[in-house]
Amino acid sequence: MRPQNLNRVSIVLIAALVCRSVHSQLQVGFYTTSCTLAELIVKDEVRKGFFKNPGVAAGLVRLHFHDCFVRGCDASVLLDSTSLNKAEKDSPANNPSLRGFEVIDSAKARLEAVCRGVVSCADIVAFAARDSIEITRGLGYIVPAGRRDGKISQASDTFTNLPPPSFNVDQLSKLFANKGFTQEEMVTLSGAHTIGRSHCTAFSNRLYNFNRTSRQDPSLDPPYAAQLKQQCPQGNTSPNFVVPMNPASPAVTDTSYYADILTNRGLFTSDQTLLTNSAAANQVHQNAKMPFLWRTKFASAMVKMARLEVLTGNAGEIRANCRVINS
């Protein structure tokens, strides 16, 4: 069977799983009658953003992850801070690294012009993540919709709900299990690091201050470490110093992330740590060898993630502006 046909088969299978397993309040084609062009408008804005800056695709995938793991997929990550409240987007986990907000804003403005008060910001984020995976050559999937927007966003909620790059495999497995994911799904979703970039401050401890006995992380490939040191000078905390997560193909959703880990070139501790657990390591090997299988599993895991603690029905609201709650 040709790869193109396999892609179509996988999309159909994923769609079938979605229809059977998704919360009853979320529906495939939710906006078919209320805002027919909703998904096309979001896709168009993602496309325009990607052509201006290919890195925005990774930003939008990460935006979705950071939204769903904190208070569920309710677009709380989009809310601006106020004089009385520091919002999620301004927590150390998100600022200055989180990006893609302008794409969401543009999509929302267009949608409000044609379907006022209909399409939630939470659904826009979910659609945009899917479209970002597609435009970076990942496997497309169907996104059930009907999410509503939350009214609370607190920076403190990110502290225990988002995994820092220093986490080991046991800590990652526990955090993901608390969200309803298996260890295999955790390893699968970690593959999102195949696209995008990282600020040097997220991993500089592996280069200069690893532990009492070793300044440099011994699990890090020495030539790669030397390259990173050139890109990330010691002691520099400027947000302008960034490196690609996956140097070989930073704008392609592929399995080279896993190949990097197998050659000790995982950028974060939380990447390289996957080899320290036999079951997780087996998944790394499998994903590296079977790219189409990983792409299928990744699409399924993204669908599952997009259902986390969603607000539906009369809960929450449909924001007119994704950055502020309705007055």
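Here the Cβ of each residue, glycine as well, is placed from N, Cα and C on the backbone.
Taken from TrEMBL, the feature signal peptide applies to 1-24.
Averaged across the domain 'Plant heme peroxidase family profile' (25-326), the predicted model reaches a pLDDT of 97. Taken from TrEMBL, the feature domain 'Plant heme peroxidase family profile' covers 25-326.
Residues near Cys35 (disulfide bond) in space but far in sequence (CB under 8 A, at least 6 apart, same chain), listed by position: Leu111, Val114, Cys115, Val118, Val119. Per TrEMBL, the feature disulfide bond maps to Cys35-Cys115 (among others).
Here TrEMBL flags Arg62 as site 'Transition state stabilizer'. Within 10 Å of the Cβ of Arg62 (site 'Transition state stabilizer') there are 22 other Cβ atoms, across all protein chains.
According to TrEMBL, the active site, proton acceptor annotation covers His66. Around the Cβ of His66 (active site, proton acceptor), a 10 Å sphere holds 22 further Cβ atoms from the protein chains shown.
Annotation source TrEMBL lists Ca(2+) 1 binding site at Asp67, Val70, Gly72, Asp74, Ser76, Glu88.
Around Cys68 (disulfide bond), taking its Cβ as the centre, 29 other Cβ atoms fall within 10 Å, counting all chains. The disulfide bond annotation in TrEMBL covers Cys68-Cys73 (among others).
Neighbour count (other Cβ atoms within 10 Å of the Cβ, all protein chains): 30 for Cys121 (disulfide bond). Residues or ranges marked as disulfide bond in TrEMBL: Cys121-Cys322 (among others).
Residues annotated as substrate binding site in TrEMBL: Pro163. With a cut-off of 8 Å between CB atoms and residues at least 6 apart in sequence, the same chain places Gln171, Leu172, Leu175, Ser270 near Pro163 (substrate binding site), listed in sequence order.
Summarising the annotation, TrEMBL assigns heme b binding site to His193. Within the same chain, the residues at least 6 positions away from His193 (heme b binding site) whose Cβ sits under 8 Å from its Cβ are Met245, Asn246, Tyr257, Leu267, Phe268, Asp271, listed in sequence order.
The C-beta environment of Asp254 (Ca(2+) 2 binding site), restricted to residues of the same chain at least 6 apart in sequence and closer than 8 Å, consists of Arg137, Thr194, Pro291. Residues or ranges marked as Ca(2+) 2 binding site in TrEMBL: Thr194, Asp254.
Annotation source TrEMBL lists disulfide bond at Cys200-Cys232 (among others). Around the Cβ of Cys232 (disulfide bond), the number of neighbouring Cβ atoms within 10 Å comes to 22.
Listed in chain order, the residues near the Ca(2+) 1 site other than Asp67, Val70, Gly72, Asp74, Ser76, Glu88 are His66, Cys68, Phe69, Arg71, Cys73, Ala75, Val77, Gly150, Ser153, Asp157, each with its Cβ within 8 Å of the site Cβ centroid.
Annotation: Cys121 are the recorded positions among Arg62, Cys121, Cys200, Cys232 whose CA atoms are within 10 angstroms of the CA of Asp74 (Ca(2+) 1 binding site).
For the recorded positions Gly72, Cys73, Glu88, Cys121, Cys322, a Cα-Cα cutoff of 10 angstroms around His66 (active site, proton acceptor) retains Gly72, Cys73, Glu88. Around Cys73 (disulfide bond), the C-beta neighbours below 8 angstroms that are at least 6 residues distant in the chain are His64, Asp67, Ala122, Val125, Ala126, Arg147, Met305, Ala306, Arg307, Leu308, Glu309, Val310. Proximity to Ser76 (Ca(2+) 1 binding site), defined by a C-alpha to C-alpha distance within 10 angstroms, is shown by the following recorded positions from Arg62, Cys121, Cys232: Cys121.
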